[in-house]
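K.L.:
So that we are looking at the same thing, I have put the structure below in structure tokens.
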Amino acid sequence: MTNLRKSHPLIKIINHSFIDLPTPSNISAWWNFGSLLGVCLMLQIITGLFLAMHYTADTTTAFSSITHICRDVNYGWLIRYTHANGASMFFIFLYFHIGRGIYYGSYTFMETWNIGVILLFTVMATAFMGYVLPWGQMSFWGATVITNLLSAIPYIGPTLVEWIWGGFSVDKATLTRFFAFHFVLPFIITAMVMIHLLFLHETGSNNPSGLNSDSDKIPFHPYYTIKDILGLLLMLLTLMTLTLFSPDLLGDPDKYTPANPLNTPPHIKPEWYFLFAYAILRSIPNKLGGVLALVFSILILMLFPMMHMSKQRSMTFRPLSQCLLWILVANLIILTWIGGQPVEHPFITIGQLASISYFCIILILMPTTSFMENKLLKW
């Protein structure tokens, strides 16, 4: 009789994905983030489900229902702050995961990479809609500003904005539909994650050397299950420390003021994980230009496979490209800082320079450097 995990139609799929999966023997801790993102997604769905049981998607009671969750529901404060800070952890891991993909040339798995970029867009949309739900000042004005960007689309823009709002301003209809989308999108994300894994398992994992590892594979379990559990414990430690000691560290104080359409907050800004894109949006004085730059700042990831000029896959043995990538990381940190600053001198100039640098590094300097490294190696 064959082993049940190898013969049962359902368990067989799990076996091929998480147990007997042939995995390169040399993948580092940078490969932990995929599983951590999966855990984050599950955590967000579970905490979100419990929050949805007590939340009311109505402009008059939304803010009060959040207060009720934090004060009256058993461990409601814990569920609420785990959900909020869990989103921050999600984005930290997403950016690490993408950074690892760029560093080690994982984007050469075209299907996996492109599904990943679509996933990033979907997660960003979900997080934005979740930010609107507490119906504080930043929720209302954030929703107003970001949805208003669509009015920059020629011809159909203004009509599209009113259609999304369900009226002539951000109101009850907007909140209700945002709640509906925020609830359903994580399940769509889960389905897309499965497709992401399906494409990954067609090719097998990349590894730090960027070389073919078919000759040196080990089973995923127990080697990488135990390694993933270590990552999971470190993640839970960080998340719980953040949630229990300083739950509002990454948030905005304006969230605690109920939404008021007659009073604009001094600085409208999104959560920290969108600030780099927000800085790029603000650095262009033209509305349509800003929106295009915002979209392209993420969509540019789709171009990485086409712009890979090096004859080596990974950056492990390419010091010049490594330097450039770390300059890009520093540049993104500067953009994140600028996104949270008021629109005044010298922040405007710094933001514009950092935005230009961002696109120049990716579109011009990285391919040129790769080409140069090929020449240096006489290839």
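Glycine residues also receive a Cβ, built from the backbone N, Cα and C atoms like all the rest.
As annotated by Swiss-Prot, transmembrane segment applies to 33-53, 77-98, 113-133, 178-198, 226-246, 288-308, 320-340, 347-367. If you look up Swiss-Prot, you'll see HIS83, HIS182 marked as heme b b562 binding site, on the strength of similarity to another entry. Marked as heme b b566 binding site by Swiss-Prot: HIS97, HIS196. According to Swiss-Prot, the feature ubiquinone binding site maps to HIS201, an assignment based on similarity to another entry.
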K.L.:
Under 8 Å Cβ-Cβ from HIS201 (ubiquinone binding site), six or more apart in the same chain: what's there?
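P.N.:
Same-chain residues close to HIS201 (ubiquinone binding site) (Cβ under 8 Å, separated by 6 or more) are HIS16, SER17, LEU21.
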K.L.:
Around HIS182 (heme b b562 binding site), how many other C-beta atoms are within 10 angstroms of its C-beta?
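P.N.:
Result for HIS182 (heme b b562 binding site): 21 neighbouring Cβ atoms inside 10 Å.
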K.L.:
Take the C-alpha atoms of HIS182 (heme b b562 binding site) and HIS97 (heme b b566 binding site) and report the distance between them in angstrom, rounded.
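P.N.:
Computed Cα spacing between HIS182 (heme b b562 binding site) and HIS97 (heme b b566 binding site) is 23 Å.
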K.L.:
Distance between HIS97 (heme b b566 binding site) and HIS83 (heme b b562 binding site) at the Cα atoms, whole Å?
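P.N.:
If we compare the Cα positions of HIS97 (heme b b566 binding site) and HIS83 (heme b b562 binding site), the gap is 20 Å.
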K.L.:
Please report how many Å separate the Cα atom of HIS196 (heme b b566 binding site) from that of HIS83 (heme b b562 binding site), as a whole number.
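P.N.:
Cα of HIS196 (heme b b566 binding site) to Cα of HIS83 (heme b b562 binding site) measures 24 Å after rounding.
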K.L.:
Going along the chain, which residues at least six beyond the ends of the transmembrane segment (347-367) come within the CB cut-off of under 8 Å?
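P.N.:
Answer is 279-280, 282-284, 293, 296-297, 300, 303, 307-309, 321, 324-325, 327-328, 331-332, 334-335, 338-339, 341.
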K.L.:
My understanding is the cutoff is Cβ-Cβ under 8 Å with a sequence separation of 6 or more in the same chain; which residues meet that for HIS83 (heme b b562 binding site)?
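P.N.:
Non-local contacts for HIS83 (heme b b562 binding site): GLN44, THR47, GLY48, LEU51.
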K.L.:
Near HIS97 (heme b b566 binding site), how many other Cβ atoms are within 10 Å of its Cβ?
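P.N.:
So the Cβ neighbour count for HIS97 (heme b b566 binding site) comes to 19.
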K.L.:
Run through the Cβ atoms and count how many others sit within 10 Å of the one on HIS196 (heme b b566 binding site).
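P.N.:
Excluding its own Cβ, the number within 10 Å is 21.
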